[in-house]
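Undergrad: I'd like to ask you about the structure that follows.
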Amino acid sequence: MNYNIHPVTYLNADSNTGASESTASHHGSKKSPSSDIDVDNATSPSSFTSSQSPHINAMGNSPHSSFTSQSAANSPITDAKQHLVKPTTTKPAAFAPSANQSNTTASQSYTQPAQQLPTQLHPSLNQAYNNQPSYYLHQPTYGYQQQQQQQQQHQEFNQPSQQYHDHHGYYSNNNILNQNQPAPQQNPVKPFKKTYKKIRDEDLKGPFKCLWSNCNIIFETPEILYDHLCDDHVGRKSSNNLSLTCLWENCGTTTVKRDHITSHLRVHVPLKPFHCDLCPKSFKRPQDLKKHSKTHAEDHPKKLKKAQRELMKQQQKEAKQQQKLANKRANSMNATTASDLQLNYYSGNPADGLNYDDTSRKRRYENNSQHNMYVVNSILNDFNFQQMAQAPQQPGVVGTAGSAEFTTKRMKAGTEYNIDVFNKLNHLDDHLHHHHPQQQHPQQQYGGNIYEAEKFFNSLSNSIDMQYQNMSTQYQQQHAGSTFAQQKPTQQASGQLYPSLPTIGNGSYTTSGSSHKEGLVNNHNGYLPSYPQINRSLPYSSGVAQQPPSALEFGGVSTYQKSAQSYEEDSSDSSEEDDYSTSSEDELDTLFDKLNIDDNKVEEVTIDGFNLKDVAKHREMIHAVLGYLRNQIEQQEKEKSKEQKEVDVNETKLYPTITAF
């Protein structure tokens, strides 16, 4: 509040009383610009202090006494600053207008709820204003109305959400406030927001109904529905029926191009033809898939690359394992044959050739029947049994007993396992390994010659068994003598309880290079051992010079050195472990493949020009041919027995039997 009052105004107040009255009357008719005073200045205690107060008269109308005459408790401002409690105003008897007051004054006090403020800064300068006794009666009402206006402004600014509610009671009693209150406004209508339903699994089962405007056609698949929308409803510019506004359930979407409206139609059709390669999600439009793919590229690029690398490694491992299994299955016949040969190479058991019965041969060779048949037919061709079987079919040799006798004599002469048969079987074995058959030779019916072939290969098998037994016996005798000769010096060396350590001589220090190191190790007359000793002091004598530092090194390791590895190697090892790639895995796989427990590198033993390993292979081949021939003989005998039974049955019956179809 501004309480600074110019003193000249109070000095001229008593002398110019008439002028002040004329001024008051003048302002009663027309409001001067000086009447626009602040509320704080107008409602100050000094402005409302009456000149009729006895306290002011006692002080001699002093401005200082008028400034301090009223206390702050009687001011209407303090009433406004207190809690809002609506006071109950009672009109006393003095509220009625007195006789000495004019009618204008009474009407002015009743018609104006808020009385006009004085034009001067102090009420003692305006006699008309000071002569109104009803001012203090209306003053609390004025303060209460001002307080209501302030509270209304406070509620309008601080509580905007309550301005549309209709308050009863307090505001309804104040007609002055309700006159200026605006009518409540209704909420504006928001535009309709388009929402699209998500496609569920049930939506993809159909049937699918066209909801374009008044069309009610039903389709079985969403693809046909989409084609119907594009062709019939959207149309084409060339057909003069192009429609770029979507009428699906009053969608109302309008586009500029036909491609845009056809792409928009996928939103309504439950069709998701665009699939993500990195996750199982599918999308209706290609732009949706493109937007989705960015999430994979931005969020998890490293994880995706790592997952792809791991997937590639897993696929490579599975492919390698499948390839290894296929190779093992393809070579199962050779592996089983080699294992049997390795067990029976040097056993010397005379019953080895008799342990191959028909059931074991069937079980061994049924896994790769094509290869077995090729081997058997090749062996029979080499021993001229195929030609002999075809001989009766040739017209030039039919009935010629000389050719049959010649072949029989040649067979009988070749039944012994000699060096010629050994070379022939070796040549055949090499041919089978280098030239694998592409197709199987057809089985041929040998007729009566199959018995001759079985007899020939049976005698040849017995001859090979005898040869193999004699050779294995000779090898065991030689091997036993060599092992005894090797064990004898070993036993002599083991007579000493503890082995002696080599020492280094004094005269070995003059050598240089590799001879110097050899002298350090091989000289046994010295006093220094060939192995390093940690922190051993060297002897010093006046006649012998101090030993050079090279004497302290043994293979690059010093006697004062605790570790021969540097710390850099450790760091390199850790980096190599981090950079572990598929190439290292391949190397490990190859190393593990080489760690097979087999005796492939068996030393070759040759006795009298026969290789013991080749003889074992030849024995297996002849046994295979012999087993095949025996199976053929059994089948022929079974067929003959069946035919004989049918003939016997037909001869015993007098009348033929009629069978029903």
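The backbone N, Cα and C atoms fix where each Cβ goes, and this holds for glycine too.
Here's the feature list from Swiss-Prot:
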COILED    626-654  coiled coil
COMPBIAS  12-35  compositional bias 'Polar residues'
COMPBIAS  43-54  compositional bias 'Low complexity'
COMPBIAS  59-75  compositional bias 'Polar residues'
COMPBIAS  98-118  compositional bias 'Polar residues'
COMPBIAS  145-163  compositional bias 'Low complexity'
COMPBIAS  173-189  compositional bias 'Low complexity'
COMPBIAS  287-321  compositional bias 'Basic and acidic residues'
COMPBIAS  479-514  compositional bias 'Polar residues'
COMPBIAS  567-586  compositional bias 'Acidic residues'
MOTIF     498-501  motif 'YPX[LI] motif 1'
MOTIF     531-534  motif 'YPX[LI] motif 2'
ZN_FING   208-233  zinc finger
ZN_FING   244-268  zinc finger
ZN_FING   274-296  zinc finger
Undergrad: Going by DSSP, how much of the compositional bias 'Basic and acidic residues' (287-321) is helix, how much is strand and how much is coil, in residues?
TA: 34 helix, 0 strand, 1 coil
Undergrad: Helix, strand, coil: count each for the residues of the zinc finger (244-268), based on DSSP.
TA: 11 helix, 3 strand, 11 coil
Undergrad: DSSP on the zinc finger (208-233): how many residues come out helix, how many strand, how many coil?
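TA: Counts, helix then strand then coil: 12 helix, 5 strand, 9 coil.
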